[in-house]
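Chemist: Below are the features listed in TrEMBL for this protein:
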type	residues	note
DOMAIN	A:63-253	domain 'ABC transmembrane type-1'
TRANSMEM	A:5-25	transmembrane segment
TRANSMEM	A:62-86	transmembrane segment
TRANSMEM	A:98-122	transmembrane segment
TRANSMEM	A:134-153	transmembrane segment
TRANSMEM	A:174-196	transmembrane segment
TRANSMEM	A:232-253	transmembrane segment
Amino acid sequence: MKRKLLYLTLIAVLFFSAFPLWFSFVVSTKDSSALADVSLIPGKNLVDNVKRVFDTVPFDLALLNSLIVALSVTTSVVLFSTLAGFAFAKLQFRARTALLVTVIGTMMVPTQLGIIPLFILMTKLEWHDTLPAVIAPALVNAFGVFFMTQYLTEALPSELLEAGRMDGATTHRLFWHVVLPVARPAMAVLGMLTFLGSWNDYLWPLVVLASPENQTVQVALSQLRAGYVTDYALALTGTMLATIPLILVFGALGKQLVGGIMQGAIKG
Amino acid sequence: MRTWPYKVDTRVSPYLYISPFFLLFAIFGLFPLVYTAYVSLFDWSLLADEHPFIGLDNYVALFKDSYFWNALFNTVSILILSTVPQLIISLVLAHLINRQLRAKTLWRLGMLLPNVTSVVAVAVIFSQLFGRDFGVINWALEGLGFGRINWQAGVASSHIAISVMIIWQWSGYNALIFLAAMQAVPRELYESARLDGATEAQQLRQITIPAIRPTIIFVVIVSTIYGLQIFAQPQLFAGSGPLGITGGTDRQFQTLTLYLYEHGFNRGFEFGYASAVAWVMFGIIVIFAVLNYRLIRRIRQS
């Protein structure tokens with residue numbers, strides 16, 4: 001009996017998680033004049049709505065821009081976090097502990113509050129309204145370094161490094177031939193998390209990208225929700241176009257993502 | 001045997017490996033934040049060539065502006081309305097799935113699903129759900145015999161709607177973080193508690209929560225830092241136009257970041273003033289983080 005109640009609760013949780021997304025999908029398949037009728041069965045207007053999204057904002061360019069930004073950011077974050085994580089986990093150097101504490105401290109720094117000087121900086125560099133302005137500030141993050149340090153401390157056997165040293169391998173060689181193969185699963189998870197974060201970033205791209213053809217997906221989406229009377233069939237079609245690829249990836253790799261988030265957590 | 005290239009390699013490589021992080025973080029993370037304090041002392045408009053030094057005038061003007069206090073009130077109100085329920089839901093969810101279950105992965109995936117959705121998507125989706133005329137929530141309320149609510153219009157109702165967006169997006173994610181911590185708590189503790197006849201709620205309160213306190217502190221502080229900077233949800237709740245910037249017709253849900261955005265990027269680019277807002281926000285965030293830390297530590301002692 002108690003068991004049944006537990007599963008019923010979990011099914012309810014699942015319903016609350018999925019319902020808003022399902023409902024949005026349903027709205028995106030309806031004629032915008034038929035929204036008064038609340039029904040959960042998809043309509044026939046999806047293709048038409050998709051066309052309207054592409055007519056209203058340059059959505060194809062926005063997808064491309066977001067892809068460029070997210071891939072650059074992910075590559076950089078994964079590479080630099082693995083390098084730093086390796087150093088913090090397995091190499092000896094002065095001030096190591098203090099520097100690692102600094103990294104963890106910077107995880108709590110609200111960098112979003114620096115957007116004014118960042119904007120001034122980008123104007124000086126003449127990067128304003130270009131993708132590098134969005135990419136540059138995201139090239140590293142403290143969470144990535146912390147995450148890789150935690151993983152490599154546990155997963156990388158020190159004996160393996162010692163053996164490599166005995167054979168005369170340089171640190172550089174050790175990194176490429178010993179560390180990278182071991183780090184691969186964690187790099188994949190960090191890559192996914194970083195990609196998601198970058199793809200979903202909003203305030204800074206909104207501020208620094210001005211021209212419609214330079215905007216990222218999230219900024220383009222926000223444009224579809226303009227005015228007091230929103231055409232929700234249009235806005236939610238855009239939302240679905242930007243969200244469904246992520247949900248598909250999530251369906252395929254979600255298990256690893258869950259594992260990664262739990263691994264990155266600070267444990268009691 | 002060990003020659004100088006070896007020594008150079010082992011001495012220098014570690015610093016070489018950590019330097020990209022520190023360098024890039026210093027340039028694009030730390031420097032802008034510190035430089036914000038400097039800019040806040042000037043009458044610095046992007047549209048003017050001269051940026052005269054005006055001392056603390058921006059701060060004086062800021063503290064005299066009732067819209068600033070309004071934004072601070074809204075931000076704190078949304079922070080409390082979102083963080084407290086979120087914390088309770090996350091802890092209960094984590095406790096529920098911290099046991100042998102069928103379809104274990106399914107429940108975890110379901111909880112994480114909202115977090116994969118972008119903040120913008122969440123804001124658009126829930127603006128529709130909370131819509132006055134065609135929103136599902138009003139439709140359900142009417143069906144249950146209650147009246148329709150104009151969610152955007154009121155202070156309380158709009159704060160609740162925005163908080164629901166945050167709760168929906170983050171409860172499952174935080175539940176997974178808590179679950180990770182709970183799995184490190186020894187099973188025997190629960191078994192002996194059960195033998196003593198402790199209920200589920202008692203086990204959660206008396207065993208789990210004390211055991212995972214560091215994780216709770218971490219989650220609360222991170223949620224606070226995030227909550228005090230809420231932007232996309234209120235901006236898009238009223239539509240991304242002028243109403244979004246002011247957070248509704250009567251500024252009933254304008255948050256501090258929206259207030260900063262209004263002055264920094266919509267009203268003649270008042271960078272000096274907006275920097276003062278940012279720096280005050282930074283102070284508020286530090287105060288809240290410390291307060292929360294103290295509060296939760298006290299819970300442990302009592």
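Backbone N, Cα and C atoms are what each Cβ position is placed from, and that goes for glycine too.
TrEMBL: automatically predicted annotations, no manual curation.
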Chemist: Do any residues of this chain, six or more beyond the ends of the transmembrane segment (A:232-253), have a C-beta under 8 angstroms from a C-beta of it, and if so which?
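Modeler: For the transmembrane segment (A:232-253), the far contacts come to 21, 24-25, 27-28, 30-32, 35, 45-46, 49-50, 52-53, 56-57, 59, 63, 192, 196, 199, 217-218, 220-221, 224-225.
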Chemist: Would you mind listing the long-range same-chain contacts of the transmembrane segment (A:62-86), meaning Cβ under 8 Å and 6+ residues beyond its ends?
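Modeler: Apart from its flanks, the transmembrane segment (A:62-86) reaches 103, 131, 134-135, 138-141, 144-145, 147-152, 156, 175, 179-180, 183, 187, 190-191, 194-195, 198-199, 205, 214-220, 242.
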Chemist: State the residues, same chain only, that lie 6 or more residues beyond the ends of the transmembrane segment (A:98-122) and have a CB under 8 A from a CB inside it; answer 'none' if no residue qualifies.
Modeler: 84, 88, 128, 133, 137, 142-143, 145-146, 149, 203-204, 207-208
Chemist: Which residues of the chain, 6 or more past the ends of the transmembrane segment (A:134-153), have a CB below 8 A from one of its CBs?
Modeler: 69, 72-73, 76-78, 80-82, 84-86, 88-90, 100, 103-104, 106-107, 109, 111, 118, 127, 179, 182-183, 186-187, 190, 194, 198, 201, 204-205, 208-209, 216, 260, 263-264
Chemist: Near the transmembrane segment (A:5-25), which same-chain residues lie under 8 Å Cβ to Cβ, leaving out any that are not at least 6 residues past its ends?
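Modeler: Residues 40, 42, 236, 239-240, 243, 247.
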